[in-house]
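These come from Swiss-Prot:
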- 88, 115, 116, 117, 118, 119, 133, 134, 135, 136, 137, 138, 139, 140: S-adenosyl-L-methionine binding site (BINDING)
């Protein structure tokens, strides 16, 4: 989204084979809900990366799919370059309009970190914000969708994706997909 800042997602804790589908969905939600790109650990299957890049090719936009050897280094570099790190967790500060305004009001690039089953302690310490999307067990996919929707105030749902070969025409019933060449 063109907010004057970049918003990227870092997916950590991917377990090969077991998390294939969840990691793909984290990438799909990141793109659809306004993020500019995603960092995936090198352990992520090539098929996940290929799927996300194919979605960008067919459905448009310039969403970046990048890999990282060391998520901690990615976090450190993001902060060194002036960005802030938001870790989504059920243990952090409860999401609120005030907290979203505080994060957004910084005017800095945002790295949103979503983890799997076991998030390393260093992330809680190095994140600028540990944001709880509810204090109950939940999906990182759902947490990311809620956070990005609040961050972009729903505007991401009306965005156009330049270069799209495929687009959906909303309808009460049926599926209307338009192919553009």
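Backbone N, Cα and C define each Cβ position, glycine as well.
These numbers come from a predicted model, not from an experiment.
Local packing around the binding-site residues 116, 137 was summarised as the count of other Cβ atoms within 10 Å of each Cβ; on this measure the leading residue is 116. Mapped onto three states, the DSSP output places residue 88 (S-adenosyl-L-methionine binding site) in strand.
Around the Cβ of residue 135 (S-adenosyl-L-methionine binding site), the number of neighbouring Cβ atoms within 10 Å comes to 11. Contacts of residue 88 (S-adenosyl-L-methionine binding site) defined by a Cβ separation under 8 A and a same-chain sequence distance of 6+ are given as 112, 113, 114, 131, 132, 133, 140, 143, 144, 147, in order along the sequence. Farthest C-alpha pair in the S-adenosyl-L-methionine-binding residues 88, 115, 116, 117, 118, 119, 133, 134, 135, 136, 137, 138, 139, 140: 18 Å apart. Secondary structure at residue 137 (S-adenosyl-L-methionine binding site), taken from DSSP and collapsed to helix, strand or coil, is coil.
Spatially close to residue 118 (S-adenosyl-L-methionine binding site) yet at least six residues away along the chain are 13, judged by Cβ distances under 8 angstroms.
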